[in-house]
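According to TrEMBL, the features are:
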- B:Tyr108: active site (ACT_SITE)
- B:Asp148: active site, proton donor/acceptor (ACT_SITE)
- B:His248: active site, proton acceptor (ACT_SITE)
- B:Asn7, B:Glu35, B:Asp148, B:Asn150, B:Asp247, B:His248: Mg(2+) binding site (BINDING)
- B:5-248: domain 'Endonuclease/exonuclease/phosphatase' (DOMAIN)
- B:Asn150: site 'Transition state stabilizer' (SITE)
- B:Asp222: site 'Important for catalytic activity' (SITE)
- B:His248: site 'Interaction with DNA substrate' (SITE)
Protein chains: 2
Amino acid sequence: MRIVSLNCNGLRSAAKKGFFDWLAKSGADHVCLQETKAQPEDLADALFHPAGWHLHFHSAQKKGYAGVAIYSRRQPDLWVDNLGAPEFDGEGRYLEAQFGPLSVISLYLPSGSAGPERQASKDRFLEFFPEHLAKLRASGREVVICGDWNIAHTKLDLKNWRSNQKNSGFLPHERAWKDKLYGEWGWVDAYRSLHPTEEAEAYTWWSNRGNAWANNVGWRIDYQVISPSLKARLLSASVYKAERFSDHAPLIVDYAD
Amino acid sequence: MRIVSLNCNGLRSAAKKGFFDWLAKSGADHVCLQETKAQPEDLADALFHPAGWHLHFHSAQKKGYAGVAIYSRRQPDLWVDNLGAPEFDGEGRYLEAQFGPLSVISLYLPSGSAGPERQASKDRFLEFFPEHLAKLRASGREVVICGDWNIAHTKLDLKNWRSNQKNSGFLPHERAWKDKLYGEWGWVDAYRSLHPTEEAEAYTWWSNRGNAWANNVGWRIDYQVISPSLKARLLSASVYKAERFSDHAPLIVDYAD
DNA sequence: CGTCATAAG
DNA sequence: CTTATGACG
């Protein structure tokens, strides 16, 4: 079972760059997208509804903003497209597809880089979300939370960790939250489990400014966070950089069936 | 003496398409631009200030909107960048360069195609401007008014005249205004004087929508309107279509020195 | 720097 | 359809 997580930075834009050609040949069973930046009516074209895929969008109320989606080879038993938190549900940040005992989730955590008000919203998300995480853990389901978490966890997870300690995405309290995620809350970082010391090959996002991509000045902010029950099924994890659909790269993880 | 009129549809955009390369080799003495869509500070780059040219911008207050400019090989005695009409002066629609007895003017007449409110403003311009035209005529100066007049005068001046009789730019009252311009107010249409029956070769604007350019579905809305004193000096007039800098094409008129 | 929205033409 | 600005990342 192959699961892909990608912040596509505009699904229409990614489509122009060949995302759907790649999707067809990706071998993926489930693809979780973030920042679709479109309403369902903007995605009416057949291009966005390829044969053989089941899909669902959770768009933000604000046009062109945020939004998540899941494309899946299988028909889910249930789509869950809200968290019960109005501040975040209206921003298209969560979508869950349930397949028997398995939940595949697309998550787009707020970015705090635009200023203090956005950081405050991100912090409210960090405050709120653990409750939901606990429910997922308590459900006993197999859970894969694919997403742009907008937090690099450790010094291994971004090129310039030293200069970014005061920047949103690598703030001490954000990193401490991820410590708890993988510690006391019992979740597992799929990529890091398989590549405990990888740095340069692990980045999933590069700023559009400067020559970040060319110089691999990247951050690992896209993760597949899994319930411990799935850890034994991890086969491989990699970042796909042969093509560029977005300022983020697809994170591909294979799980034993 | 060669004078060029061009609605450049964004001077920065036209620059990217080679306008300044063409300017250098155009043989022009005076070039009147409309829709520069930039503030002077946006045009600080040396590219916009080529050696050997004197130039002046009259930008709109609203950023990225309208704006006219004149590039001239000679140093004018005076730049006049207003009409004394607040509604139009704040929109960057008029600039006059005076060289001895000659006035070279860049004019951008309001478009009415965006709706009734913009048509009403265009109509107020048509109401107001004859007073200024009369002053120019009364001054006894040699006057060349280069501009996007946003009105096709006769059936010869647009491909689809029949279907456009209710569209802004070919409305009966607009055409009647141009009748007066060339009739009782005594001005001369430079291009038409030299090419009394030209149609397809005379268009200066093609909509970006559909395949207007490929099918030459054009309008002649850019004119050099001259005082009668200059009529005897008309040598040639043509529309330059070998390159495309804009949705309009440069209108080139040569005058005897 | 890039994607999208919106205004304007 | 295209050029702009502005929001957001």
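Every residue gets a Cβ built from N, Cα and C, even glycine.
TrEMBL labels come from automatic prediction, so no person has curated them.
Summary: among the binding-site residues (B:Asn7, B:Asn150), the fewest other C-beta atoms within 10 A of the C-beta are counted at B:Asn150.
In three-state terms derived from DSSP, B:Asn7 (Mg(2+) binding site) belongs to an extended strand segment. The two recorded residues B:Asp247 (Mg(2+) binding site) and the residue listed as 'active site, proton donor/acceptor' have their Cα atoms spaced 12 Å from each other.
The recorded positions listed here (B:Tyr108, B:Asp222, B:His248) include B:Tyr108, B:Asp222 as those with a Cα within 10 A of the Cα of B:Asn150 (Mg(2+) binding site). Counting in whole angstrom, B:Tyr108 (active site) lies 5 from B:Asp148 (active site, proton donor/acceptor) by their C-alpha atoms. Neighbour density at the Cβ, taken as the number of other Cβ atoms within 10 Å, is lowest among the recorded positions B:Glu35, B:Asp148, B:Asp222, B:Asp247 for B:Asp247. For B:Glu35 (Mg(2+) binding site) paired with B:Asp148 (active site, proton donor/acceptor), the C-alpha to C-alpha distance reads 9 Å. Those same-chain residues not listed among B:Asn7, B:Glu35, B:Asp148, B:Asn150, B:Asp247, B:His248 yet with C-beta within 8 angstroms of the centroid of the Mg(2+) site C-beta atoms are B:Cys8, B:Asn9, B:Gln34, B:Tyr108, B:Trp205, B:Ile221, B:Asp222, B:Ser246. Within 10 Å of the C-beta of the residue listed as 'active site' there are 26 other C-beta atoms, taking all protein chains into account. Candidate recorded positions: B:Asn7, B:Asp148, B:His248. Nearest to B:Asp222 (site 'Important for catalytic activity') by Cα distance: B:Asp148.
Over all protein chains present, the Cβ of B:His248 (active site, proton acceptor) has 25 other Cβ atoms lying within 10 Å. For the recorded site, B:His248 (active site, proton acceptor), the DSSP three-state label reads strand. Put simply, the residue listed as 'active site, proton donor/acceptor' is 6 Å from B:Asn7 (Mg(2+) binding site) when counted between their Cα atoms. According to DSSP, B:Asn150 (Mg(2+) binding site) is assigned to coil rather than to any helix or strand.
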